[in-house]
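> What follows is a structure written as structure tokens; I'll ask about it next.
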Amino acid sequence: MAFSLRIGIRTTDSKRCLVLLVLVVLLTVLACLPPSVEGNFPVGKFRRCNNNKGICVSREQCLNGQINTVGHTQIEPRLLNDDDIDECDVYGMQCCNLPSTNVPADSDEEEQEEEEKEKKGGTVTTTTTEEPDDPDWSRQCGQRTDVTERADQDGETNRFEFPWSVALFSKAQFFGKVRKEFLCGGTLIDDYLVLTAARCVNQKDRNTLVVQLGRWNLDAGKESRMQEIAVEELIIHRGYVLSSHLHNVALLVLANGAQLGRAANRVCLPDHSVQFGPDTLCYVVGWSNSPSPNTSNRQLKLRSMVAPVQECTATIRRSTGAWDFRLLSENICTTYLDDTVPCERAPGSGFVCESPTLPGQYFLVGIASYAVRQCHKYRAHDVFVHVPDYIEWVDGHVVNQSRQTSFYRPDPISFD
């Protein structure tokens, strides 16, 4: 009897071990499976909400109702009221819509052409409808040719009005087809170099990044005179800090040189010797990260001025409840002169001001770094990286790339 009991116990233990082993194998297999992905955002580990149209995330990950895939805001979440708790039913969490691809799919022929070039090891450089060159376009930095097209709505640029403004995209494969997601704005300073915010490219694979020059309407697919160039190298400031946006600046080295002309030209960079008065009219130029429904995402220009530091600090403190907030010394704030401004502007967009001594010549004074506003609740100043504080950093990397620093300054020494 004792012998039979021992056998029974051993048999039971063996069954338990077998069950545990099967469970371990199943869990291992599940762990190796990739999470479901929509856009560039993994959704498998998040709770679904809004009839599967969104997921529950922390409030600082949700900008204007949509997942923020670029970066996070600097300011801690404000104190919440009972009314702020939604169907996620967790303090500090909210239902946020999943990101969508901002650019329509390219035609099958265009996709095949790009894929063939990449398979051959080449970089993608596309220029659509051929148009004659402009013999009178200025080879000076920061200058534009005469613009005759008129914008349909206030706040929209004319095509090629700011030819140094570029759009940065991330490419991904979806069901065997290439899709591009708009990430950020950027500014051309050399035919091989683009300045943008570090948050736009931090931890990004350079092989997935492309810039488009000569763009106007991001919803229009291909446009005449548009150039698309792959990114060959990312240079992120070594001191960049994600949480505080300290040194939020990066250089993109392009795989091929841009064809400069009416649709694509570089901006000037100012050092501290270039002084802009408090009443200098400037523009924030770029696209919206969250365009309004049933509207095209065309390039915008927002009339702006540099805001006093005290005023900027006060509005951000009031808006966020972060009463110990201090503006970084390498940052500036802008104030908008128009009553109607789009809710969300893309990081990396340029803040350009006209030269005080050379009318018609524009300098890149700031790079859009972050914003803390909630459009329907309050208005606060946007924060920009102050470009003159980074001229030495830019010059050093430009020299390392065997390029000339005079190219983004008035009266370039050489144009080769």
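Residue 1 is the first one shown; counting continues down the chain.
Using the three backbone atoms N, Cα and C, a Cβ is placed for every residue, glycine included.
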> Please work out, from what Swiss-Prot records, which of C17, C32, C49 forms the disulfide with C95.
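Among C17, C32, C49, the record in Swiss-Prot lists C49 as the disulfide partner of C95.
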> Check for me: which candidate out of C17, C32, C96 does Swiss-Prot give as the disulfide partner of C62?
C96
> With C353 as one half of a disulfide in Swiss-Prot, pick the other half from C268, C282, C312, C375.
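Swiss-Prot says the disulfide from C353 goes to C282.
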> Using a 10 Å radius around each Cβ and counting other Cβ atoms from all shown chains, which of the disulfide-bonded residues C184, C333 yields the largest count?
C184
> How many neighbouring Cβ atoms, not counting its own, are there within 10 Å of the Cβ of C62 (disulfide bond)?
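Counting Cβ neighbours of C62 (disulfide bond) within 10 Å gives 19.
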> Can you give me the Cα-Cα distance between C184 (disulfide bond) and C62 (disulfide bond) in Å, rounded to a whole number?
17
